[in-house]
Every structure is written in C-alpha cells, then in structure tokens.
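What follows is a set of notes on a single structure, which appears directly below.
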Amino acid sequence: MASSTGFCGSIWAKEEQEEQVAGVLDDCLCDINSIDNFNNYKIFPKMKKLQERDYFRYYKVNLKRPCPFWAEDGHCSIKDCHVEPCPESKIPVGIKAGHSNKYLKVANNTKELEDCEQANKLGAVNSTLSNQSKEAFIDWARYDDSQDHFCELDDERSPAAQYVDLLLNPERYTGYKGPSAWRVWNSIYEENCFKPRSVYRPLNPLAPSRGESFYTWLEGLCLEKRVFYKLISGLHASINLHLCANYLLEETWGKPSWGPNIREFKHHFDPVETKGEGPRRLKNLYFLYLIELRALSKVAPYFERSIVDLYTGNTEEDADTKTLLLSIFQDTKSFPMHFDEKSMFAGDKKGAKSLKEEFRLHFKNISHIMDCVGCDKCRLWGKLQTQGLGTALKILFSEKEIQKLPENSPSKGFQLTRQEIVALLNAFGRLSTSIRELQNFKVLLQHSR
C-alpha cells in the first residue's frame, strides 16, 4: 500500500497547498491510494488486453449526425481532422445488416488484415476493417428491449453508421480547441449540470467579484446532483489527461511523434496554474472511475450466464475473450470500497422517480451534444465515453432486473446491445488508462525538477 500522503503531495509539494489528490473521496468511503494500487497493478493490464480483442476493438458509430442545438461551423479546419472512410466496395456487407437475433452465430473469415486507405493522421478516423470481419459483423447488432437509456444510441441500421477500428484510431491530441470546443463543454456544464446562471464555474473570467461561491452552491445540492456534476467533471478531466499523454510533440518528414506533454498537463492540473482546480478535477476523475467500476461489478451476472457469448466467429478467441472479461469482473467484485449507489434516489418514491428521470434526461441531452463536436476523432471518443458512462448508469439503476435474469434465455427486463457493451468496457478502459497515466506524469514531473 502506498504512503497515505498521496502521489500529488510529492509532485506539487507546497506548504500552502490546500487541495491534494489524496485521502478519502467526497460522497464515498474510498481512498485514492487504494484505487491507484488496485487499478495500476490488477485492472489496467487486463483491460489493455481486453481492448485489443476483436469483439471490443470495433465500435459502430454515426459521425454524421447533425448538431441539434446550433448551426454547425463545419468540421474543423485542422489538418486531416475528418473521417477518411473506406471505399464502398471495402465496407463489409454485414456492417449494414441490422439483425436482431441476439445469439445467432455465423461463420467467420480468418484472412489477414488488409488496409483500405491510409488515414491515420491527426484527427482523421481510420475506418479500415479486416476482411475477416465481413461475415462476423452480420449478427453483432443486438436488440435491446429496455427503454431506460441514459444516452442517445446511434441507429446501427442507419447508412451513416459505420464500424470503426478503435486500435487504428487512438484517442490523442488533434489540435481541436478554441471557440468550437469551448462551446461544447460550456453547453454541457451551463445547461445540463443543474446549475443556475447566477452561479459561475471556477476560472470563469465573467464571474463577478461577489456572489455565491460555486462550491458553496455545489455542496448545497442533493447527492444526486452533486454526483452528476462530478461525473461530467471527471469525464472532462479524463479526456484532457488522454490528450496530455498522447500529445503531438513534433512532426518530422511528415511523420508525427506522440508522447506525454508535461507543460500541457500542468496547464490542466497543476494546483497553482489552475488556482486549486486541478486537484479537484483529478478527484472527480477518481470518483467517475469508482462509479464505472461499481457498474462492472453489478453487471457481472449478465455476462456470467452461458447464453451470453461475445461472438466474433473465432471460437477459440471468443472463449478466451469471455474468460478474460469474467476475470476482470471477479477483480471488480473483490474491490472492498465500492460506491454505494443505493444512497441515490432513496427518498420518497414519487420524488425519487422524478429526480431519476431528470437525471436521465440531462445525461441523455449531453449525449446529443457530442454530435456538435467539430473534430471527428474527438467526436468518436466523446460519443463512446459518454455512451459508456450512460450504460454504467443504466446498469446501476437496473439491479432488480439484473438479479432476475434467466440463465438460459434472453431477458425482456434487462438487455445490453453490443454497442453498449463495447462502449462500457472501452470507456472504463479509458479511465483505467487515465489513472495509469497519472503515475507516469508523477515520474516525469519528479525527473523534470
């Protein structure tokens, strides 16, 4: 077990420092050092392997849906910040088939991976798919009977939806920033986090010198609304951390070099440069990690049933993938300090139901906002991580339905689509990576003194 002083105490050691990323998190009984050790040594290595498996590397997404809230500026003008789709002739026929048979198996091709176009520049989404996927994708679309969605699901049968190989499209710095990116996050915080306009977020230059403190307002909210804000802040922090860790350092002879950018990291998280906000953001990242970790532990029974098969067509790999996934679930269930979701929506039934619906609709609205992101690669990962969190929330508030799952037949009460499964595990994989990257930045900062 690591020292109780917390890792940020060694990075930003200042006597006057009030906010350190250490100790027990607010609104739950878990300390950060326990999360670090659990994630970095037990969860992260397995999640990395899982995300490389065929079942979890392909994500079907519609990157062409128009922004429903404001006139689009057009896609960003940054070099290659756009989708470079495969030619029509290269798209597997199975991608377009919206089949609702949940567990039907089809034959799978095992030909070598071949490129359809070179599209791995900054913001471009590489849509290259292997020939072996042509038949396997036919029955990957699964029907979901539940209506209790926390995010807007893309229509997998839409001609505009396409499979994307996530391994060919890593989340990293694309240069997407400025007014367009600011408007997306501002809309999320200002219009969807239960915040009155009279309360200004920290570091807002428009904030008056006097007025209600943001954190006084936040602490005065009910648990559910505090949790909502922390989830969004944690997601924002995690995304920024990914970009800091995979930053475009230089480009020589047309070949980019990616790696950690200490200056950018300090800009987002250093307590002095952010006037104390950086450590708060990182604490919210840990809080989000706990929420999604709890969801994985709760949904384990769904996947432990023999009827659930993570099908790609490669029988041996499919079995190995499920074994690895179940191993991860066992680890999540062994974590001793889970967030207690039963403390949420626990008031009178009518009020709790109304609040839950408000919570759900606010989050669903955020999933719509992701269609307003101007950079396609940023939109891809924003949609995936938002859908992953939405799926986690759906799981946490479906405990009774999950407990009633039949062993050998599909459930009418609770169901997950393949799109939700892929988003859930990849979103958690991103959080696991964020916490691992914090350890890397700790070492880099110590060496840069």
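In case you wondered, yes, glycine gets a Cβ from its N, Cα and C as well.
These features come from TrEMBL:
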- C76-C81: disulfide bond (DISULFID)
- C116-C151: disulfide bond (DISULFID)
- R172, T174, W185, S233, H236: FAD binding site (BINDING)
- C375: active site, nucleophile (ACT_SITE)
- C375-C378: disulfide bond (DISULFID)
- C378: active site (ACT_SITE)
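All protein chains shown were included, and the count of other CB atoms within 10 Å of the CB of C378 (disulfide bond) stands at 26. C378 (disulfide bond) and R172 (FAD binding site) have their C-alpha atoms 8 Å apart, to the nearest angstrom. Long-range Cβ contacts of R172 (FAD binding site) within its own chain (separation 6+, distance under 8 Å): H242, L243, N246, Y247, L248, W258.
Each residue contributes its Cα atom, and for H236 (FAD binding site) and the residue listed as 'active site, nucleophile' these two points are 16 Å apart.
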